[in-house]
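Q: Straight out of Swiss-Prot:
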- 240-280: zinc finger (ZN_FING)
- 277-377: zinc finger (ZN_FING)
- Cys301, Cys304, Cys321, His328: Zn(2+) 1 binding site (BINDING)
- Cys313, Cys316, His332, His338: Zn(2+) 2 binding site (BINDING)
- Lys369: ubiquitin cross-link (CROSSLNK)
- 372-410: region 'Disordered' (REGION)
- 400-410: compositional bias 'Basic and acidic residues' (COMPBIAS)
- Lys410: ubiquitin cross-link (CROSSLNK)
- Lys450: ubiquitin cross-link (CROSSLNK)
- 552-585: region 'Disordered' (REGION)
- 572-585: compositional bias 'Basic residues' (COMPBIAS)
Amino acid sequence: MDQFEYIITLEFGNQNQVESAYQIFKSIPKKLKAKSIGEESIKSNNQDWQDWRVCDLEIDMITDFKNQTSKEEESDLITSQYLGHGIIRLFKLSNANNTLNEKEILTIPGDDTMICILFVPTYFTVHDLLHFYIGDDIVNKQVSNFRILRNQQKGMGFNFTVLIKFRNALDAKNFKEEFNGKSFSRMDPETCHVISVKEIVFQKKLFQRPAANEDFPYLLTDPFTVKKKKELVKVELPTCPVCLERMDSETTGLVTIPCQHTFHCQCLNKWKNSRCPVCRHSSLRLSRESLLKQAGDSAHCATCGSTDNLWICLICGNVGCGRYNSKHAIKHYEETLHCFAMDIRTQRVWDYAGDNYVHRLVQNEVDGKLVEVGGSGDDDNNDIGNSDELQNVVYGNRSKNGEKSNSNKKDGELAANFLRHREYHLEYVQVLISQLESQREYYELKLQEKDQTASDSSNVESLKKSMEDLKLQFQVTQKEWQKREMAQKSKLEEDMLVIEGLQANLDHLSKKQEQLERENKALEESKQDLEEQVKDLMFYLDSQEKFKDADESVKEGTILIQQPHGAAQASKSKKKRNKNKKAGK
């Protein structure tokens, strides 16, 4: 947050008082500082002061006696000295504005700290809006400025627009998320519409800048339409008309109402009245008169254009002529079943379903039943206009239901009649609003059901068509699949036969191969046996030929032939054969 500096200026009636005050301030200890002391432009010394702030000026100083060498220690002494007769002004160092050409289009870019509440109903007072709806915490801690604008454009209705400038962008974002779409009250279906202000574009200055030598500059500068400033200048802080304290948007929130008077937010909250504390401007009275004037000029039947015996539908606002004319109001009921209609001239409410008047029905506090109020009291006429709350109910309810009147006298009589029976009228307003709300919800539910039924029927028809198409596609696909299945089955049978033949051949060949392997093995064994026998026979013949002439000892000897280690079994078998041969000999 930026740090600001303030300047105190003392304005006196003559030069002697200025010099005297200056000498007094020079003698003050360094603890007390005065930024500037001077004489403002005064036409004459004997000029009559026109400012309510003019008074006798005195300065209080604290004298320290603790450093004195006295036995008894004295406390600090507060002394006062008269300066003169004048005004104390408090200035704030602010940034100077850049000179702009009024003929050119000016664009003031936003900094995401400004939001706007659109279409605030006219029955909301400033106190209700700030204190009850927005809340004291937001008003006192987050908001720097409020500005309330009234809409008087034809066709847009009579309502208010509230500009709110926050101290930082995060608070503005949180405010928009919390209040956008929030209902203004339980009995009013209207909701709060909060938008962010991106920039402000205008062709001329919104307010005329005050001259540098004027005593009361207008609100320092307008926080909603002034760019960021660069040069520092002195600007006097204005005072709040309610509490007479200085108004600074950096320390407390400020609110500007439609009559362009500015106050502290907490001061206006304490002023529980719809009128301005300065000029007594009442937004409710002006909006009501404007609404009645606009409605009286444009009241006519929506079908035939008749201006006599008009009835307005309380459900949708349709205006039609009565049963003594072309009966367009009754036809509207027969077409839409909107059973409540109000006579624009007398403000009486007729129930087409019950075929009777219901504008005098209130809710009994004992058992909650609807009872009819009879008779009229003779209350004092001085009660008219004394209660802002009743004016809010009467005028706000009439402006909301779009009533139309051509005579101010009849309007006054109607208002007097409402205020004579204030309790009954409050009950009537609550009951009527609740009944209308239930009617609105009922018919909205019926319309939603009708739309849902129509959409469901169209969806069913489309689903039926798609179902038929899918059935045809399924039948075609099923036939193709059956053909493919038969072909695949025949092919599968052929393949199975081939596989069975191949498997039989494979088994036969396997058996034949095993038989051949066994025969081959037997032949190998017989071959080896025959080879050994031939070898033994050849050895026997050779040895017999060699040893035929030898001695008996040599003939009876044994011949050993060394064989490899791996052929042990073969040698054993050979020995057995040799023994067998010898035994045979």
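Glycine is no exception: its Cβ is also placed from the backbone N, Cα and C atoms.
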Q: Apart from Cys301, Cys304, Cys321, His328, which residues in this chain have a Cβ no more than 8 Å from the mean position of the Cβ atoms of those residues at the Zn(2+) 1 site?
A: Ala302, Thr303, Gly305, Ser306, Leu310, Gly320, Asn325, Ser326, Lys327, Ala329
Q: In the zinc finger (240-280), how many residues does DSSP put in helix, strand and coil?
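A: Grouping H, G, I as helix and E, B as strand yields 6 helix, 8 strand, 27 coil.
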Q: Comparing the binding-site residues Cys316, Cys321, which residue's C-beta has the most other C-beta atoms within 10 angstroms in this structure?
A: Cys321
Q: Identify, among the recorded positions His332, His338, Lys450, the residue whose Cβ has the fewest other Cβ atoms within 10 Å in this structure.
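A: Comparing Cβ neighbours within 10 Å for the recorded positions His332, His338, Lys450, Lys450 has the fewest.
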Q: An 8 Å radius from the center of the Cys313, Cys316, His332, His338 Cβ atoms defines the neighbourhood of the Zn(2+) 2 site; name the other residues of that chain inside it, in order.
A: Leu314, Ile315, Gly317, Asn318, Gly320, Tyr333, Thr336, Ala341
Q: Please report the three-state DSSP label of Cys321 (Zn(2+) 1 binding site).
A: strand
Q: From the Cα of Lys450 (ubiquitin cross-link) across to the Cα of Cys304 (Zn(2+) 1 binding site), what is the distance in angstrom?
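A: One finds 30 Å between the Cα atoms of these residues.
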Q: So what's the average pLDDT for the zinc finger (277-377)?
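A: In the predicted model, the zinc finger (277-377) has a mean pLDDT of 73.
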Q: Which residue among the binding-site residues Cys301, Cys304, Cys313 has the fewest other Cβ atoms within 10 Å of its Cβ, if you could check?
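A: It is Cys304 that, of the binding-site residues Cys301, Cys304, Cys313, has the fewest other Cβ atoms within 10 Å.
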Q: Under 8 Å Cβ-Cβ from His328 (Zn(2+) 1 binding site), six or more apart in the same chain: what's there?
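A: Same-chain residues close to His328 (Zn(2+) 1 binding site) (Cβ under 8 Å, separated by 6 or more) are Cys301, Ala302, Thr303, Cys304, Gly320, Cys321.
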Q: Quick one: Cα separation, Lys450 (ubiquitin cross-link) versus Cys316 (Zn(2+) 2 binding site), in Å?
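A: For Lys450 (ubiquitin cross-link) versus Cys316 (Zn(2+) 2 binding site), the Cα atoms are 18 Å apart.
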